[in-house]
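Asks: A single structure is presented below for examination.
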Amino acid sequence: MNTDDILFSYGEEDIPLKALSFPIFETTNFYFDSFDEMSKALRNGDYEFVYKRGSNPTTRLVEKKLAALEECEDARLVASGMSAISLSILHFLSSGDHVVCVDEAYSWAKKFFNYLSKKFDIEVSYVPPDAERIVEAITKKTKLIYLESPTSMRMKVIDIRKVTEAAGELKIKTVIDNTWASPIFQKPKLLGVDVVVHSATKYISGHGDVMAGVIAGDVEDMKNIFVDEYKNIGPVLSPIEAWLILRGLRTLELRMKKHYENALVVSDFLMDHPKVLEVNYPMNPRSPQYELASSQMSGGSGLMSFRLKTDSAEKVKEFVESLRVFRMAVSWGSHENLVVPRVAYGDCPKKDVNLIRIHVGLGDPEKLVEDLDQALKKI
């Protein structure tokens, strides 16, 4: 099935009342016409429409599309990206287990691992985003490897297949956060990953007005996560938000191509600027990671980072406050142009004082270059 079919028509063959736009089924309950119909639905509660905390027609349509985009058998929408991360982690770990996690993973993912370590005696090894180092960290107690590639602050790329081949031989589960590349540009399932998670808050919804997460994988894993973690913890996504994600999916491929086009222009400018020490954007052909990145991804997103040639926090502050088009804000993945200086966080190590992350949006890239240029002249 090609991407156009998935985004525009898959699962929408029988829309009620011949509507061209799939409806929002904003209801808590679903009724039954007979005892047998009700009994069948209650016995097959995973996919039947019974109660909002389970499945919903609007939500289920979007889940089918997301599973198809990721080349997975099934997917589940949840209330946030962190919900997707925590549910998938909880499912594969038990007290006394060991997990390997890339040390540049999303900070709240690491905080969750630290919480599990203290509360449930789970051992966590944080290792650099390098396949060989990850494989070397495996022990006899390892049950899960948690990946992020590219990582979301320094955009480091991992040889995913090298990790999954080693994990598969040892029957270790792998989970990856695929938010940076989106399912348009990277399909980790085809590289051997067991479960793929996303913050759908970002590119998948794409308009900066939805918070959601995605978990995708094999039917068996998805069914078990749904029954064991999802139904017990209850991170339910509203059908209205699922419908907004559906709206965002219509333009996902177009938006990702534009983000990539703009990011190449901006990263080229930064790579050539005398006040910039380093640019982290793996899908630029000039990047030292391009060969590996392009073997796993067909394009890049709008997220990158760079280092200024300074170790002064004041200079970094002056730079970001001089920007006019880029706005200081966390998160990323919609049309906006955003900037986050690493030093704004209280836990910033000295070596990262000059590290700045930007998200390149959907506008004219030359305006972004002009904005960066005028701000760089101020320092």
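Each residue, glycine too, has its Cβ placed from N, Cα and C.
OK, Swiss-Prot features for this one:
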BINDING   Y51, K52, R53, G81, M82, S199, A200, T201  pyridoxal 5'-phosphate binding site
MOD_RES   K202  N6-(pyridoxal phosphate)lysine
Asks: How many neighbouring Cβ atoms, not counting its own, are there within 10 Å of the Cβ of A200 (pyridoxal 5'-phosphate binding site)?
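Replies: The answer is 31 other Cβ atoms.
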Asks: Once the DSSP letters are reduced so that anything not helix or strand counts as coil, what is the residue listed as 'N6-(pyridoxal phosphate)lysine'?
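Replies: Where the residue listed as 'N6-(pyridoxal phosphate)lysine' sits, the three-state DSSP reduction gives coil.
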Asks: Here are some binding-site residues: K52, R53. Which one has the most Cβ atoms within 10 Å of its Cβ?
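Replies: Of K52, R53, the one with the most crowded Cβ is K52.
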Asks: In sequence order, what residues of the same chain, 6+ apart, have a Cβ less than 8 Å from the Cβ of G81 (pyridoxal 5'-phosphate binding site)?
Replies: Y106, D177, T179, V197, H198, S199, A200, T201, K202, A212, G213
Asks: Quick one: among the binding-site residues S199, T201, which has the most Cβ atoms sitting within 10 Å of its own Cβ?
Replies: S199
Asks: Looking only at DSSP and grouping its letters into three states, which state does Y51 (pyridoxal 5'-phosphate binding site) belong to?
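Replies: Where Y51 (pyridoxal 5'-phosphate binding site) sits, the three-state DSSP reduction gives strand.
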Asks: Taking the Cβ of the residue listed as 'N6-(pyridoxal phosphate)lysine' as the centre, how many other Cβ atoms fall within a 10 Å radius?
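Replies: Neighbour count, Cβ to Cβ under the 10 Å cut-off: 25.
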